[in-house]
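For reference, the structure discussed in these notes is given below.
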Amino acid sequence: MRRDQKMGEGNYPLAGHHLKQKNLLFGPLENIKTGAQIVITDFKKDYIYSVTSKDIISEMDADVVEETNKKEITLITCDKAVKTEGRLVVKGELVDSFGHTN
């Protein structure tokens, strides 16, 4: 979402679709709980984040993708699986990273 973003460094924002099929793409985020793990990989390293917050914001509030000094992930999707102006934002803090294995 930003040219300068890097996994494991600063704010790493990702956006995905929220479909009517609740188990696809970012649909399951509506049920995520604080403390849940988010795992992403660049196939060199795996990054584990712990969910710290879940909020609904306006689609116009783009500040959530801005760089921060925290090592965090920001997941963004529509708050409903229909046309909506709300965005579900899930934030997590980096808790670990390690070499990727197949």
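Placed from the backbone N, Cα and C atoms, the Cβ positions cover glycine too.
In the three-state DSSP classification, H17 (active site, proton donor/acceptor) falls within coil. Marked as active site, proton donor/acceptor by Swiss-Prot on the basis of similarity to another entry: H17.
The active site, acyl-thioester intermediate feature in Swiss-Prot is assigned to C78. Under DSSP, C78 (active site, acyl-thioester intermediate) is assigned to a strand (E or B) in the three-state scheme. C78 (active site, acyl-thioester intermediate) is surrounded by 22 other CB atoms, counting those within 10 A of its CB over all protein chains shown.
Annotation note: R87 (site 'Transition state stabilizer') sits in a strand segment as assigned by DSSP. Around R87 (site 'Transition state stabilizer'), taking its Cβ as the centre, 20 other Cβ atoms fall within 10 Å, counting all chains. The site 'Transition state stabilizer' annotation in Swiss-Prot covers R87.
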Set of same-chain residues at least 6 away whose C-beta sits under 8 angstroms from H17 (active site, proton donor/acceptor): L24, L25, F26, G27, T77, C78
